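Accompanying notes for the structure given below.
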(Lines of atoms letter the chains of each structure in order from A and count residues from 1; the text may use other names and numbers.)
(Lines give C-alpha, C1' and ligand atoms only; values in the text may rest on other atoms or scores of the structure.)
Protein backbone atom coordinates (compact mmCIF):
# COMPACT_ATOMS: atom_id res chain seq x y z
CA UNK A 1 0.00 0.00 0.00
CA UNK A 2 1.47 3.37 -0.96
CA UNK A 3 2.35 5.92 1.65
CA UNK A 4 -0.07 8.81 2.29
CA UNK A 5 1.51 12.15 3.25
CA UNK A 6 0.47 15.80 3.09
CA UNK A 7 2.75 18.81 3.29
CA UNK A 8 6.36 18.83 4.32
CA UNK A 9 7.93 15.63 5.67
CA UNK A 10 8.62 17.17 9.05
CA UNK A 11 5.04 18.41 9.41
CA UNK A 12 3.28 15.70 7.45
CA UNK A 13 -0.12 14.40 8.45
CA UNK A 14 -0.12 10.63 8.70
CA UNK A 15 -2.82 8.17 9.23
CA UNK A 16 -1.96 5.38 11.66
CA UNK A 17 -4.12 2.91 9.83
CA UNK A 18 -2.06 3.24 6.58
CA UNK A 19 0.94 0.89 6.84
CA UNK A 20 4.03 0.92 4.65
CA UNK A 21 7.74 0.04 4.57
CA UNK A 22 10.02 2.30 6.64
CA UNK A 23 12.28 5.02 5.29
CA UNK A 24 15.99 4.26 4.96
CA UNK A 25 18.27 5.24 7.87
CA UNK A 26 19.94 8.64 7.64
CA UNK A 27 23.07 10.30 9.05
CA UNK A 28 25.17 7.11 8.84
CA UNK A 29 28.62 7.95 10.24
CA UNK A 30 31.81 6.40 11.68
CA UNK A 31 32.48 6.60 15.41
CA UNK A 32 35.76 4.62 15.62
CA UNK A 33 38.09 2.71 13.28
CA UNK A 34 40.70 0.09 14.20
CA UNK A 35 42.68 -2.39 12.15
CA UNK A 36 39.96 -5.06 12.26
CA UNK A 37 36.73 -3.30 13.32
CA UNK A 38 34.59 -0.23 12.59
CA UNK A 39 31.98 1.35 14.94
CA UNK A 40 29.14 3.17 13.11
CA UNK A 41 25.79 4.81 14.05
CA UNK A 42 22.71 6.26 12.28
CA UNK A 43 19.51 8.22 12.91
CA UNK A 44 16.17 6.44 13.38
CA UNK A 45 14.02 6.75 10.24
CA UNK A 46 10.21 6.99 9.87
CA UNK A 47 8.88 3.51 10.69
CA UNK A 48 5.96 3.46 8.22
CA UNK A 49 3.38 3.26 11.04
CA UNK A 50 4.76 -0.16 11.95
CA UNK A 51 7.54 -0.87 14.45
CA UNK A 52 11.00 -1.42 12.93
CA UNK A 53 11.94 -5.02 13.55
CA UNK A 54 15.60 -4.90 12.56
CA UNK A 55 18.35 -3.05 10.73
CA UNK A 56 20.54 -4.72 8.08
CA UNK A 57 24.15 -3.48 7.83
CA UNK A 58 25.78 -4.57 4.54
CA UNK A 59 29.62 -4.48 4.44
CA UNK A 60 31.48 -4.98 1.13
CA UNK A 61 35.26 -5.26 0.64
CA UNK A 62 36.14 -3.18 -2.43
CA UNK A 63 39.10 -5.41 -3.42
CA UNK A 64 36.99 -8.39 -4.47
CA UNK A 65 33.97 -9.10 -6.65
CA UNK A 66 32.83 -12.42 -5.18
CA UNK A 67 29.89 -12.87 -2.84
CA UNK A 68 32.28 -13.80 -0.01
CA UNK A 69 33.38 -10.15 0.14
CA UNK A 70 29.84 -9.04 1.12
CA UNK A 71 28.72 -9.54 4.74
CA UNK A 72 25.23 -8.68 6.10
CA UNK A 73 24.80 -8.08 9.84
CA UNK A 74 21.38 -8.09 11.63
CA UNK A 75 20.88 -5.38 14.25
CA UNK A 76 17.91 -5.02 16.62
CA UNK A 77 15.32 -2.46 15.55
CA UNK A 78 15.80 -0.58 18.81
CA UNK A 79 19.52 0.01 18.20
CA UNK A 80 20.99 2.86 16.20
CA UNK A 81 24.68 1.83 16.24
CA UNK A 82 26.87 -1.27 15.89
CA UNK A 83 30.49 -2.44 15.70
CA UNK A 84 31.51 -4.36 12.59
CA UNK A 85 34.21 -6.93 13.40
CA UNK A 86 36.33 -9.42 11.50
CA UNK A 87 37.66 -6.87 9.02
CA UNK A 88 41.14 -6.86 7.48
CA UNK A 89 43.85 -4.26 8.13
CA UNK A 90 44.45 -1.61 5.45
CA UNK A 91 41.25 -2.65 3.65
CA UNK A 92 38.56 -0.39 2.18
CA UNK A 93 34.89 -1.20 2.77
CA UNK A 94 31.58 0.15 1.46
CA UNK A 95 28.82 0.18 4.11
CA UNK A 96 25.08 0.90 3.86
CA UNK A 97 22.15 0.33 6.24
CA UNK A 98 18.52 -0.78 5.61
CA UNK A 99 15.49 -0.75 7.93
CA UNK A 100 12.82 -3.47 7.96
CA UNK A 101 9.32 -3.73 9.51
CA UNK A 102 6.39 -6.13 9.10
CA UNK A 103 5.40 -4.48 5.82
CA UNK A 104 8.73 -4.57 4.05
CA UNK A 105 12.28 -3.31 3.74
CA UNK A 106 13.49 0.22 3.08
CA UNK A 107 15.84 1.34 0.37
CA UNK A 108 19.56 1.57 1.05
CA UNK A 109 21.01 4.40 3.05
CA UNK A 110 23.63 6.73 1.67
CA UNK A 111 26.89 4.82 1.00
CA UNK A 112 29.60 5.06 3.65
CA UNK A 113 33.20 4.22 2.67
CA UNK A 114 35.81 3.47 5.36
CA UNK A 115 39.40 2.17 5.39
CA UNK A 116 40.62 0.13 8.34
CA UNK A 117 43.79 0.98 10.19
CA UNK A 118 47.16 -0.80 9.89
CA UNK A 119 48.59 -3.09 12.59
CA UNK A 120 51.97 -4.49 13.54
CA UNK A 121 52.97 -7.78 11.85
CA UNK A 122 51.36 -10.58 13.84
CA UNK A 123 53.64 -13.46 12.76
CA UNK A 124 57.43 -13.78 12.26
CA UNK A 125 59.23 -14.24 8.91
CA UNK A 126 59.30 -17.80 7.59
CA UNK A 127 62.00 -20.19 6.31
CA UNK A 128 65.02 -18.31 7.68
CA UNK A 129 68.30 -19.71 6.31
CA UNK A 130 71.96 -18.81 6.95
CA UNK A 131 74.87 -19.79 4.67
CA UNK A 132 78.60 -19.02 5.21
CA UNK A 133 80.01 -16.79 2.51
CA UNK A 134 83.55 -16.34 3.78
CA UNK A 135 85.53 -16.38 7.01
CA UNK A 136 83.99 -13.05 8.00
CA UNK A 137 80.50 -13.07 6.42
CA UNK A 138 77.18 -14.93 6.46
CA UNK A 139 74.26 -14.74 4.03
CA UNK A 140 70.76 -14.67 5.60
CA UNK A 141 67.56 -15.29 3.59
CA UNK A 142 63.86 -15.65 4.56
CA UNK A 143 60.25 -15.49 3.40
CA UNK A 144 57.70 -12.79 4.41
CA UNK A 145 55.19 -13.51 7.22
CA UNK A 146 52.21 -15.51 6.05
CA UNK A 147 49.70 -12.85 7.04
CA UNK A 148 51.39 -10.28 4.79
CA UNK A 149 49.95 -12.05 1.77
CA UNK A 150 46.57 -12.60 3.47
CA UNK A 151 45.53 -9.11 4.50
CA UNK A 152 47.73 -8.84 7.59
CA UNK A 153 49.80 -5.88 8.67
CA UNK A 154 51.92 -4.23 6.04
CA UNK A 155 55.68 -4.86 5.88
CA UNK A 156 57.88 -1.80 5.41
CA UNK A 157 61.18 -3.37 6.49
CA UNK A 158 63.07 -6.04 8.42
CA UNK A 159 65.44 -6.17 11.36
CA UNK A 160 68.18 -8.84 11.07
CA UNK A 161 69.72 -9.46 14.50
CA UNK A 162 72.97 -11.33 15.17
CA UNK A 163 75.31 -12.02 18.10
CA UNK A 164 78.15 -14.40 18.90
CA UNK A 165 76.75 -17.57 20.40
CA UNK A 166 79.43 -18.01 23.12
CA UNK A 167 79.75 -14.42 24.30
CA UNK A 168 76.01 -13.77 24.54
CA UNK A 169 74.89 -10.20 25.06
CA UNK A 170 72.40 -8.14 23.08
CA UNK A 171 71.57 -8.58 19.44
CA UNK A 172 73.02 -6.23 16.89
CA UNK A 173 70.37 -5.36 14.34
CA UNK A 174 70.80 -4.52 10.69
CA UNK A 175 67.83 -2.52 9.30
CA UNK A 176 66.58 -3.25 5.79
CA UNK A 177 63.92 -1.18 3.98
CA UNK A 178 61.59 -3.02 1.61
CA UNK A 179 61.74 -1.72 -1.98
CA UNK A 180 60.29 -2.90 -5.29
CA UNK A 181 63.37 -5.05 -6.04
CA UNK A 182 63.88 -6.31 -2.49
CA UNK A 183 64.95 -10.00 -2.42
CA UNK A 184 64.43 -10.90 1.29
CA UNK A 185 68.11 -11.55 1.99
CA UNK A 186 71.20 -9.80 3.28
CA UNK A 187 74.90 -10.46 3.95
CA UNK A 188 76.31 -9.94 7.44
CA UNK A 189 79.94 -8.84 7.25
CA UNK A 190 82.85 -7.99 9.58
CA UNK A 191 82.30 -11.16 11.60
CA UNK A 192 84.90 -13.33 13.31
CA UNK A 193 86.30 -16.28 11.39
CA UNK A 194 85.29 -19.77 12.42
CA UNK A 195 82.78 -18.36 14.93
CA UNK A 196 79.19 -19.37 15.63
CA UNK A 197 76.47 -16.72 15.50
CA UNK A 198 72.81 -16.64 16.55
CA UNK A 199 70.60 -14.93 13.98
CA UNK A 200 66.95 -13.74 14.12
CA UNK A 201 64.75 -11.86 11.62
CA UNK A 202 61.89 -9.49 12.56
CA UNK A 203 59.40 -7.64 10.30
CA UNK A 204 58.17 -4.13 11.09
CA UNK A 205 55.90 -1.34 9.79
CA UNK A 206 54.73 2.10 10.93
CA UNK A 207 52.82 0.54 13.84
CA UNK A 208 55.92 -1.20 15.19
CA UNK A 209 57.92 -4.45 14.96
CA UNK A 210 56.38 -7.89 14.83
CA UNK A 211 57.56 -11.05 16.58
CA UNK A 212 61.06 -12.42 15.99
CA UNK A 213 61.80 -15.61 14.13
CA UNK A 214 63.39 -18.57 15.87
CA UNK A 215 67.15 -18.35 16.36
CA UNK A 216 69.34 -19.86 13.66
CA UNK A 217 72.92 -20.85 14.53
CA UNK A 218 75.58 -20.68 11.80
CA UNK A 219 79.39 -20.57 11.75
CA UNK A 220 81.69 -18.51 9.57
CA UNK A 221 84.31 -20.34 7.49
CA UNK A 222 87.84 -20.98 8.72
CA UNK A 223 89.31 -20.07 5.35
CA UNK A 224 88.01 -17.71 2.76
CA UNK A 225 86.62 -19.38 -0.35
CA UNK A 226 88.15 -18.47 -3.69
CA UNK A 227 86.96 -15.44 -5.56
CA UNK A 228 84.66 -15.89 -8.53
CA UNK A 229 86.46 -16.02 -11.89
CA UNK A 230 85.74 -13.85 -14.91
CA UNK A 231 84.32 -16.12 -17.61
CA UNK A 232 83.90 -15.35 -21.31
CA UNK A 233 82.91 -17.24 -24.46
CA UNK A 234 85.85 -18.39 -26.58
CA UNK A 235 83.89 -19.74 -29.56
CA UNK A 236 80.67 -21.46 -30.53
CA UNK A 237 79.46 -23.82 -33.25
CA UNK A 238 76.10 -25.25 -34.19
CA UNK A 239 76.38 -27.88 -31.42
CA UNK A 240 79.03 -26.64 -28.96
CA UNK A 241 80.07 -23.65 -26.81
CA UNK A 242 83.57 -23.13 -25.44
CA UNK A 243 84.28 -20.91 -22.41
CA UNK A 244 87.55 -19.74 -20.87
CA UNK A 245 88.71 -17.93 -17.71
CA UNK A 246 91.88 -16.85 -15.92
CA UNK A 247 93.63 -18.83 -13.20
CA UNK A 248 93.19 -17.95 -9.52
CA UNK A 249 95.14 -18.76 -6.38
CA UNK A 250 93.89 -21.13 -3.68
CA UNK A 251 91.48 -22.82 -6.08
CA UNK A 252 91.17 -26.58 -5.99
CA UNK A 253 88.68 -26.85 -8.82
CA UNK A 254 85.66 -25.47 -10.63
CA UNK A 255 82.04 -26.43 -11.11
CA UNK A 256 80.75 -25.57 -14.60
CA UNK A 257 76.98 -25.23 -15.01
CA UNK A 258 74.91 -25.06 -18.19
CA UNK A 259 71.21 -25.27 -19.00
CA UNK A 260 68.83 -24.65 -21.85
CA UNK A 261 66.41 -21.78 -21.53
CA UNK A 262 63.94 -22.68 -18.73
CA UNK A 263 65.64 -26.07 -18.42
CA UNK A 264 67.48 -27.79 -15.57
CA UNK A 265 71.09 -27.08 -14.70
CA UNK A 266 73.74 -29.63 -15.64
CA UNK A 267 77.02 -29.72 -13.71
CA UNK A 268 80.57 -30.60 -14.73
CA UNK A 269 83.51 -30.82 -12.25
CA UNK A 270 86.86 -29.45 -13.47
CA UNK A 271 90.35 -29.46 -11.96
CA UNK A 272 92.21 -26.26 -11.05
CA UNK A 273 94.57 -26.50 -14.03
CA UNK A 274 91.70 -26.42 -16.55
CA UNK A 275 91.11 -22.90 -17.87
CA UNK A 276 88.85 -23.74 -20.83
CA UNK A 277 85.86 -26.00 -21.19
CA UNK A 278 83.82 -27.08 -24.20
CA UNK A 279 80.11 -27.88 -23.78
CA UNK A 280 79.21 -30.36 -26.53
CA UNK A 281 76.17 -32.13 -27.96
CA UNK A 282 74.10 -28.96 -27.75
CA UNK A 283 71.12 -28.11 -29.90
CA UNK A 284 71.67 -26.04 -33.01
CA UNK A 285 70.56 -22.40 -32.79
CA UNK A 286 69.41 -22.66 -29.15
CA UNK A 287 70.11 -20.25 -26.25
CA UNK A 288 71.97 -21.47 -23.16
CA UNK A 289 72.96 -20.09 -19.74
CA UNK A 290 76.45 -20.80 -18.35
CA UNK A 291 78.30 -19.92 -15.15
CA UNK A 292 81.30 -21.15 -13.14
CA UNK A 293 81.79 -21.70 -9.38
CA UNK A 294 85.30 -22.10 -7.87
CA UNK A 295 85.83 -24.21 -4.77
CA UNK A 296 88.63 -24.83 -2.25
CA UNK A 297 89.11 -26.21 1.24
CA UNK A 298 87.32 -23.16 2.63
CA UNK A 299 84.21 -23.99 0.64
CA UNK A 300 82.61 -22.80 -2.55
CA UNK A 301 83.29 -19.34 -3.82
CA UNK A 302 80.92 -16.89 -5.40
CA UNK A 303 79.60 -17.93 -8.76
CA UNK A 304 80.67 -16.06 -11.84
CA UNK A 305 78.42 -13.86 -13.90
CA UNK A 306 75.82 -15.87 -15.83
CA UNK A 307 76.54 -15.93 -19.57
CA UNK A 308 73.69 -16.03 -22.06
CA UNK A 309 75.03 -17.73 -25.17
CA UNK A 310 73.41 -19.11 -28.30
CA UNK A 311 74.79 -21.85 -30.53
CA UNK A 312 75.26 -21.06 -34.20
CA UNK A 313 72.35 -21.51 -36.59
CA UNK A 314 68.83 -20.21 -36.93
CA UNK A 315 65.37 -21.27 -37.94
CA UNK A 316 64.50 -22.10 -41.56
CA UNK A 317 63.72 -19.41 -44.15
CA UNK A 318 60.95 -19.63 -46.73
CA UNK A 319 62.00 -20.42 -50.34
CA UNK A 320 61.13 -18.36 -53.40
CA UNK A 321 58.06 -19.56 -55.24
CA UNK A 322 59.71 -19.97 -58.63
CA UNK A 323 62.36 -22.21 -57.05
CA UNK A 324 59.93 -24.12 -54.88
CA UNK A 325 57.04 -25.12 -57.18
CA UNK A 326 56.81 -26.66 -60.63
CA UNK A 327 53.19 -26.60 -61.74
CA UNK A 328 51.73 -28.90 -64.39
CA UNK A 329 48.15 -29.52 -65.51
CA UNK A 330 47.21 -32.14 -62.89
CA UNK A 331 50.18 -32.17 -60.50
CA UNK A 332 52.72 -30.02 -58.68
CA UNK A 333 56.32 -30.86 -57.84
CA UNK A 334 57.48 -29.31 -54.54
CA UNK A 335 61.26 -28.88 -54.26
CA UNK A 336 61.89 -29.27 -50.51
CA UNK A 337 65.60 -28.66 -51.02
CA UNK A 338 64.77 -25.02 -51.84
CA UNK A 339 64.24 -24.34 -48.12
CA UNK A 340 67.09 -22.46 -46.38
CA UNK A 341 67.71 -24.52 -43.22
CA UNK A 342 69.57 -21.66 -41.48
CA UNK A 343 72.54 -23.90 -40.72
CA UNK A 344 70.49 -26.34 -38.62
CA UNK A 345 69.30 -29.62 -40.16
CA UNK A 346 65.60 -29.71 -40.98
CA UNK A 347 63.75 -32.11 -38.72
CA UNK A 348 60.35 -32.02 -40.42
CA UNK A 349 58.52 -30.71 -43.48
CA UNK A 350 54.77 -30.41 -43.78
CA UNK A 351 52.46 -29.56 -46.70
CA UNK A 352 48.74 -29.01 -47.10
CA UNK A 353 46.68 -27.65 -49.97
CA UNK A 354 43.13 -26.90 -51.07
CA UNK A 355 41.29 -25.46 -54.03
CA UNK A 356 40.56 -21.77 -53.56
CA UNK A 357 36.81 -22.36 -53.72
CA UNK A 358 36.98 -25.05 -51.01
CA UNK A 359 37.49 -24.92 -47.24
CA UNK A 360 38.88 -28.36 -46.43
CA UNK A 361 42.65 -28.83 -46.46
CA UNK A 362 44.41 -31.95 -47.69
CA UNK A 363 47.55 -32.98 -45.78
CA UNK A 364 50.51 -34.33 -47.77
CA UNK A 365 52.87 -36.73 -45.91
CA UNK A 366 56.48 -35.63 -46.41
CA UNK A 367 59.73 -37.42 -45.56
CA UNK A 368 62.42 -35.04 -44.29
CA UNK A 369 65.23 -36.82 -46.17
CA UNK A 370 63.51 -36.58 -49.56
CA UNK A 371 64.51 -33.64 -51.80
CA UNK A 372 61.05 -33.23 -53.29
CA UNK A 373 57.37 -34.04 -52.83
CA UNK A 374 54.50 -34.46 -55.29
CA UNK A 375 50.88 -33.30 -55.24
CA UNK A 376 48.73 -35.16 -57.78
CA UNK A 377 45.09 -35.42 -58.78
CA UNK A 378 44.62 -31.72 -59.46
CA UNK A 379 42.21 -30.17 -61.96
CA UNK A 380 43.66 -28.37 -65.00
CA UNK A 381 43.27 -24.60 -65.14
CA UNK A 382 42.25 -24.19 -61.48
CA UNK A 383 43.58 -22.02 -58.67
CA UNK A 384 44.94 -23.72 -55.53
CA UNK A 385 46.34 -22.57 -52.18
CA UNK A 386 49.41 -24.31 -50.71
CA UNK A 387 50.77 -23.99 -47.15
CA UNK A 388 54.32 -25.28 -46.65
CA UNK A 389 56.29 -25.47 -43.41
CA UNK A 390 59.69 -26.48 -42.14
CA UNK A 391 61.06 -27.08 -38.63
CA UNK A 392 64.51 -27.46 -37.14
CA UNK A 393 65.93 -27.27 -33.61
CA UNK A 394 66.13 -23.46 -33.78
CA UNK A 395 62.54 -22.85 -34.82
CA UNK A 396 59.98 -23.30 -37.55
CA UNK A 397 58.63 -21.36 -40.52
CA UNK A 398 55.38 -21.48 -42.47
CA UNK A 399 54.65 -19.90 -45.86
CA UNK A 400 51.60 -19.75 -48.14
CA UNK A 401 51.51 -19.82 -51.97
CA UNK A 402 48.75 -19.47 -54.58
CA UNK A 403 49.22 -21.30 -57.88
CA UNK A 404 47.24 -21.99 -61.07
CA UNK A 405 47.47 -25.38 -62.74
CA UNK A 406 48.13 -25.39 -66.47
CA UNK A 407 45.47 -26.03 -69.07
CA UNK A 408 45.72 -29.24 -71.05
CA UNK A 409 46.39 -27.43 -74.35
CA UNK A 410 49.52 -25.54 -73.25
CA UNK A 411 52.82 -26.27 -71.59
CA UNK A 412 52.88 -29.98 -72.49
CA UNK A 413 56.54 -29.97 -73.48
CA UNK A 414 57.98 -28.07 -70.51
CA UNK A 415 60.11 -30.21 -68.23
CA UNK A 416 60.21 -30.29 -64.46
CA UNK A 417 63.73 -28.96 -64.08
CA UNK A 418 62.60 -25.39 -63.42
CA UNK A 419 59.21 -24.29 -62.12
CA UNK A 420 57.11 -22.34 -64.62
CA UNK A 421 56.42 -18.69 -63.89
CA UNK A 422 52.77 -19.21 -63.05
CA UNK A 423 52.13 -15.71 -61.87
CA UNK A 424 53.99 -14.11 -64.85
CA UNK A 425 52.00 -16.16 -67.39
CA UNK A 426 48.66 -15.29 -65.87
CA UNK A 427 49.66 -11.62 -65.71
CA UNK A 428 50.62 -11.62 -69.42
CA UNK A 429 47.31 -13.22 -70.38
CA UNK A 430 45.44 -10.66 -68.30
CA UNK A 431 47.40 -7.82 -69.96
CA UNK A 432 46.62 -9.16 -73.45
CA UNK A 433 42.94 -9.40 -72.59
CA UNK A 434 42.85 -5.83 -71.36
CA UNK A 435 44.69 -4.53 -74.46
CA UNK A 436 42.20 -6.34 -76.73
CA UNK A 437 39.23 -4.81 -74.91
CA UNK A 438 40.71 -1.30 -75.07
CA UNK A 439 41.61 -1.68 -78.78
CA UNK A 440 38.09 -2.83 -79.66
CA UNK A 441 36.58 0.10 -77.80
CA UNK A 442 38.86 2.63 -79.54
CA UNK A 443 38.17 1.17 -83.01
CA UNK A 444 34.43 1.25 -82.40
CA UNK A 445 34.63 4.88 -81.35
CA UNK A 446 36.66 5.83 -84.45
CA UNK A 447 34.20 4.07 -86.80
CA UNK A 448 31.28 5.81 -85.12
CA UNK A 449 32.94 9.23 -85.52
CA UNK A 450 33.69 8.56 -89.22
CA UNK A 451 30.07 7.56 -89.85
CA UNK A 452 28.80 10.71 -88.15
CA UNK A 453 31.17 12.93 -90.17
CA UNK A 454 30.13 11.25 -93.46
CA UNK A 455 26.45 11.66 -92.64
CA UNK A 456 26.91 15.34 -91.87
CA UNK A 457 28.82 15.86 -95.13
CA UNK A 458 26.09 14.19 -97.19
CA UNK A 459 23.34 16.24 -95.56
CA UNK A 460 25.28 19.47 -96.07
CA UNK A 461 25.90 18.67 -99.74
CA UNK A 462 22.26 17.87 -100.38
CA UNK A 463 21.14 21.13 -98.84
CA UNK A 464 23.55 23.06 -101.03
CA UNK A 465 22.43 21.25 -104.22
CA UNK A 466 18.65 21.48 -103.56
CA UNK A 467 16.97 24.22 -105.81
CA UNK A 468 14.75 26.85 -104.23
CA UNK A 469 11.34 26.97 -105.98
CA UNK A 470 8.95 29.91 -106.52
CA UNK A 471 5.29 30.12 -105.83
CA UNK A 472 4.68 30.27 -109.64
CA UNK A 473 4.73 26.84 -111.24
CA UNK A 474 5.68 28.26 -114.64
CA UNK A 475 9.23 29.15 -113.58
CA UNK A 476 10.17 25.88 -111.89
CA UNK A 477 12.97 23.75 -113.33
CA UNK A 478 14.22 20.34 -112.51
CA UNK A 479 17.42 19.99 -110.53
CA UNK A 480 19.18 18.41 -113.46
CA UNK A 481 18.35 21.33 -115.76
CA UNK A 482 19.45 23.94 -113.27
CA UNK A 483 22.81 22.29 -112.80
CA UNK A 484 23.53 22.47 -116.54
CA UNK A 485 23.89 26.26 -116.50
CA UNK A 486 25.47 28.88 -114.42
CA UNK A 487 22.35 31.13 -114.36
CA UNK A 488 18.65 30.55 -113.82
CA UNK A 489 15.75 32.08 -115.70
CA UNK A 490 13.74 34.25 -113.37
CA UNK A 491 10.22 35.70 -113.53
CA UNK A 492 9.20 39.20 -112.67
CA UNK A 493 5.94 40.26 -111.10
CA UNK A 494 4.17 43.48 -111.42
CA UNK A 495 4.90 46.00 -108.78
CA UNK A 496 2.23 47.61 -106.71
CA UNK A 497 1.61 51.24 -107.68
CA UNK A 498 3.59 53.74 -105.68
CA UNK A 499 2.06 57.03 -104.67
CA UNK A 500 5.25 59.00 -105.04
CA UNK A 501 6.31 57.68 -108.46
CA UNK A 502 6.56 59.93 -111.44
CA UNK A 503 4.86 57.25 -113.56
CA UNK A 504 1.79 56.67 -111.38
CA UNK A 505 -0.38 55.48 -114.21
CA UNK A 506 1.97 52.92 -115.67
CA UNK A 507 2.44 49.36 -114.54
CA UNK A 508 5.85 48.74 -112.91
CA UNK A 509 7.36 45.48 -112.09
CA UNK A 510 9.26 44.67 -108.85
CA UNK A 511 12.06 42.16 -108.74
CA UNK A 512 11.61 39.34 -106.24
CA UNK A 513 15.38 38.85 -105.91
CA UNK A 514 18.25 40.79 -104.54
CA UNK A 515 20.69 42.18 -107.11
CA UNK A 516 23.88 40.32 -107.69
CA UNK A 517 26.34 42.05 -110.01
CA UNK A 518 28.53 39.10 -110.75
CA UNK A 519 25.69 37.26 -112.54
CA UNK A 520 24.98 40.01 -115.12
CA UNK A 521 28.13 39.52 -117.07
CA UNK A 522 26.78 36.65 -119.11
CA UNK A 523 23.03 37.17 -119.02
CA UNK A 524 23.08 38.81 -122.46
CA UNK A 525 24.14 35.56 -124.05
CA UNK A 526 21.73 33.23 -122.24
CA UNK A 527 18.12 32.41 -122.87
CA UNK A 528 15.80 29.90 -121.41
CA UNK A 529 13.38 27.87 -123.48
CA UNK A 530 12.25 25.45 -120.86
CA UNK A 531 9.00 27.15 -119.80
CA UNK A 532 5.94 25.03 -120.43
CA UNK A 533 3.85 28.02 -121.44
CA UNK A 534 6.22 29.03 -124.18
CA UNK A 535 6.95 32.43 -122.71
CA UNK A 536 10.32 33.70 -123.78
CA UNK A 537 12.13 36.14 -121.57
CA UNK A 538 14.53 38.57 -123.10
CA UNK A 539 17.48 39.88 -121.23
CA UNK A 540 18.38 43.52 -121.03
CA UNK A 541 21.25 44.95 -119.14
CA UNK A 542 19.59 48.36 -118.98
CA UNK A 543 15.96 49.32 -118.74
CA UNK A 544 13.08 49.43 -116.35
CA UNK A 545 11.12 46.34 -117.25
CA UNK A 546 13.15 43.41 -115.97
CA UNK A 547 16.02 42.72 -113.57
CA UNK A 548 17.52 39.25 -113.15
CA UNK A 549 19.69 38.40 -110.17
CA UNK A 550 20.70 35.49 -108.00
CA UNK A 551 17.58 33.81 -106.72
CA UNK A 552 16.81 34.43 -103.05
CA UNK A 553 13.53 33.11 -101.82
CA UNK A 554 11.10 35.63 -100.47
CA UNK A 555 7.55 35.40 -99.36
CA UNK A 556 5.17 36.45 -102.07
CA UNK A 557 2.77 39.27 -101.16
CA UNK A 558 0.51 38.75 -104.18
CA UNK A 559 -2.58 36.68 -104.02
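Even glycines carry a Cβ here, placed using N, Cα and C.
What TrEMBL lists as compositional bias 'Basic and acidic residues' is 466-479, 493-503. Residues annotated as domain 'Fibronectin type-III' in TrEMBL: 24-119, 124-223, 225-314, 318-411. For 210-231, 464-504, the entry in TrEMBL reads region 'Disordered'. Per TrEMBL, transmembrane segment is recorded for 435-459.
For the domain 'Fibronectin type-III' (24-119), residue counts in helix, strand and coil come to 3 helix, 52 strand, 41 coil, using DSSP.
Residues in the domain 'Fibronectin type-III' (318-411) partition by DSSP class (helix H, G, I; strand E, B; coil) as 7 helix, 45 strand, 42 coil. Below 8 angstroms of C-beta separation, residues 120-126, 128-138, 140, 142, 145, 153, 161, 165, 191-204, 243-246, 248-251, 254, 290-305, 307 of the same chain, each at least six residues beyond the ends of the region 'Disordered' (210-231), sit close to that stretch. For the domain 'Fibronectin type-III' (124-223), the DSSP-based tally of helix, strand and coil residues reads 4 helix, 53 strand, 43 coil. The average pLDDT the prediction assigns to the domain 'Fibronectin type-III' (225-314) is 91. When DSSP labels each residue, the domain 'Fibronectin type-III' (225-314) comes out as 0 helix, 45 strand, 45 coil, counted as helix, strand and coil in that order.
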